[in-house]
Amino acid sequence: MASAASFASLPLPELYARVRHHVPAMEWPVFARDIEAILTLKRQHNAVILAHNYQTPEIFHTVADIVGDSLALAREAVNTDADVIVLAGVHFMAETAKLLNPDKTVLIPDAEAGCSLAESITAEDVRRLRSRYPGVPVVTYINTSAAVKAESDICCTSGNAKKVIESLGVDRVIMLPDEFLAQNTATQVLGIEIITWAGHCEVHERFTPEDIRAVRESYPDVVVLAHPEAPPEVVAGADYAGSTAGMADFVGEKRPARVALVTECSMSDNVAALYPEVEFVRPCNLCPHMKRITLPKIRRALERRQHEVTIDPAVAERARLAVERMLAVR
Ligand code: 13P
Ligand code: SF4
């Protein structure tokens with residue numbers, strides 16, 4: 001197996017060893033310049049970089065201090081003693097970090113890094129649903145704006161949706177805005193009615209049962225892992241469904257010879273870098289929002305302290321409660 005010593009002629013050889021399967025050696029010096037600058041800037045600003053599992057390997061495996069799914073990033077945001085948090089992910093993740101750290105500077109390297117789920121619902125929509133279903137608690141996926149969280153009773157992620165719903169002790173909930181996550185969770189919380197909203201993740205809604213059939217036909221021994229933002233008929237055809245951290249843990253624990261991660265493409269790249277003996281086969285789709293974050297933009301974010309996330313304090317106070325209630329569910 002290649003070690004850092006094999007790349008001694010390259011800058012930052014230990015870091016290159018981690019991403020060698022994804023970054024051609026010829027291109028590495030350009031990446032390395034930004035990485036070196038980012039590492040220095042982090043020390044100067046007492047900054048920490050939180051990166052989602054969908055970030056590209058040259059971010060995920062080199063400059064990130066903490067990596068994980070949405071739940072882990074929210075939990076770790078509470079624990080950091082850095083002065084500055086750079087969120088390598090999408091806007092709702094940076095907002096969540098800010099909600100939990102009102103006194104810290106939270107930066108997102110590209111202010112346009114959005115999410116089709118967060119775009120699918122407004123605070124006014126939630127207020128209308130509440131008046132249509134009086135007394136029914138609102139469980140809101142973390143992939144939403146702070147304004148929507150502020151109208152909610154409790155948040156959830158794909159990693160804890162079942163536990164959060166069961167923690168309420170009721171037989172009916174409104175679960176927003178991901179229709180497929182709600183339908184997939186409904187199969188795990190029998191006896192609880194879930195009222196859904198028609199929001200979808202533009203990355204996961206494109207997978208079809210035919211994709212699963214095709215990958216199984218080509219690779220009969222393949223283990224298929226799907227994200228619960230995918231349609232129920234896709235999840236039904238998978239061997240396991242869970243959050244991005246759930247999928248990574250599954251591969252780490254079971255080490256299948258061949259695996260297909262039915263999710264965003266960088267996820268496979270990042271997990272593959274850790275387990276070279278596992279063969280990763282596609283399908284996967286790219287998230288255009290996650291891909292807005294690049295090393296040069298992270299460098300600029302630290303150099304210029306941009307783009308700072310701010311939230312109206314009145315909204316933040318109510319939204320924080322919904323996130324904190326979620327974090328209290330174990
Ligand atoms: P998790 O990492 O929480 O599973 O979420 C996936 C996702 O789509 C985040 O945008
Ligand atoms: Fe939103 Fe889907 Fe992209 Fe995640 S993968 S940020 S849910 S659009």
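Cβ atoms here come from the backbone N, Cα and C positions, even for glycine.
For His52, Ser70, Tyr141, Ile142, Asn143, Ser158, His227, Pro228, Glu229, Thr244, the entry in TrEMBL reads iminosuccinate binding site. The DSSP secondary structure for Tyr141 (iminosuccinate binding site) is strand.
The [4Fe-4S] cluster binding site annotation in TrEMBL covers Cys115, Cys201, Cys287. Cβ contacts within 10 Å of Cys287 ([4Fe-4S] cluster binding site), excluding its own Cβ and spanning all protein chains shown: 22.
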Other CB atoms within 10 A, centred on Cys115 ([4Fe-4S] cluster binding site): 23
Filtered binding-site residues, from His52, Cys201, His227, whose Cβ is under 6 Å from an atom of ligand 2: Cys201
Integer Cα-Cα distance in angstrom, Glu229 (iminosuccinate binding site) to Cys201 ([4Fe-4S] cluster binding site): 6
Nearest-integer angstrom distance between the alpha carbons (Cα) of Cys115 ([4Fe-4S] cluster binding site) and Tyr141 (iminosuccinate binding site): 12
